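What TrEMBL says about this protein:
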type	residues	note
REGION	1-29	region 'Disordered'
COMPBIAS	7-18	compositional bias 'Basic and acidic residues'
COMPBIAS	19-29	compositional bias 'Low complexity'
REPEAT	213-247	repeat 'WD'
REPEAT	248-281	repeat 'WD'
REPEAT	294-335	repeat 'WD'
Amino acid sequence: MGYGMSRMEEEYSEHEDQNNGGSNSQVNNEFLNTHNDIFHMTQIRSGPSESLRKSIGTSKDVISTTRLLSGREINSSGNGKFSSVDRVFLLGRYLPVDGPEIVDRMDSRAYVSQFSADGSLFVAGFQGSHIRIYDVDKGWKVHRDIHARSLRWTISDASLSPDQQFLVYSSLAPIIHIVNVGTAAKQSYANITDIHDGLDFSQHEDVRYTFGIFSVKFSSDGRELVAGSNDDSIYVYDLVANKLTLRLPAHHSDVNTVAFADETGHLIYSGSDDNLCKVWDRRCLSTEEPAGVLTGHLHGITHIDSRGDGRCFISNGKDQAIKMWDIRKMTSNADSYEDRTSNWDYRYSRYPQQYKQLKHPHDQSIATYRGHSVLRTLIRCYFSPAYSTGQKYIYTGSYDSSVCIYDVVSGSQVAKLKGYHQLAIRDCSWHPFVPMLVSSSWDGRVAKWSRSSCQQEETTDLD
């Protein structure tokens, strides 16, 4: 199950130890033997370009920001501007580690939060029925305050449509609500100021009992929704036709997370408490079998984020690890093995020390990232933005009240944002264009981390 059962005031006072067994040296040794082209492409995208090196006359790995800007001003490259690779090389060195500044504080847990695709809006969903949309460009003023309808336990997920006109939200119920957020009204009460249309996912001939939805996402064209539920299934809803078009009995336990693989919408990734990640090709579902299965997590998957290339994604797991996957390594079936960790329940106790050294004997992942803690709730992980970082980092919330940032290629933890939140950080979001990250915690606080100054700037090549 993906939710804790105690009230906030009965929360654990004892957090996961900071040193939770995830040795960076062990991670780095694993990466030294990695030759997947995903890592090679990440290095290329994060620059600097060869033309930049030649234009400023250096072959050093460390190039100061001052020298980069000077080269652009005198047009030493002949392009008159930074290429996308050089832009990433410059912006990617500024991690959002300063602060934080408080954005908002509510009297209930924050469960979900995300920037819009253009960075102008920020959405945060709270257990106490509120979903707030903030106008980032207007001093983080509350643009919409949505009061959720028919809430069960908490807001489990929320997603903005690509055109930012509609928001869908789910709870532990089979109905997903959709709200028009493009109107001028600030307050949104169901059936009072706004119609919160209910999309009933239980209206399928195979559904025999009620269920809850853990994950919901818009397709890139905004015409469909994909959802994962605790009846072990994946659902697809056609918003244009206003009907449920697909139900897949996808896993043998709760489907905690789903994601479209790329803009085509053909491939769907899913992750479950059965410890498996699966890939589904909607063009060939006549047998209701996945296109492939990826094995490696020792415990349930809490979240999946796609790289957007239809090939690579990452997953967060209750085994206290993020794993990166290349679907070209998937198999038709999961390899069986004796699960020696099945008696542990992440809702009630720390991760046993002896489990931290275990590895799945048939691990198909191409990399593993450790150093954060995944307890009590479905903590989420993401690739950093393509525009400003070239997706060279992975970041995640953590039960120990921190945000961890990892280098994709080296596997090392490059930053840990801590010391402000008092309870678990279930979700966090990196601004798509600037070095800014927002963390949302069970302490009810939404906080903004940024990089306002050039700290520890390298100037060795200025002479």
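Positions of Cβ are set from backbone N, Cα and C atoms, glycine also.
No curator has checked TrEMBL annotations; they are predicted automatically.
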Are there residues at least 6 beyond the ends of the repeat 'WD' (294-335) whose Cβ is under 8 Å from a Cβ of it, and what are they? 2, 20-22, 36, 38, 253-254, 256-264, 267, 269-279, 341, 344, 346, 351, 355-356, 358, 360-370, 372-375, 377-383, 386, 391, 394, 396, 406, 408
Helix, strand and coil residue totals from DSSP for the repeat 'WD' (294-335) stand at 3 helix, 20 strand, 19 coil
Quick one: DSSP breakdown of the repeat 'WD' (248-281) into helix, strand and coil? 0 helix, 19 strand, 15 coil
Mean pLDDT over the repeat 'WD' (248-281): what is the value? 97
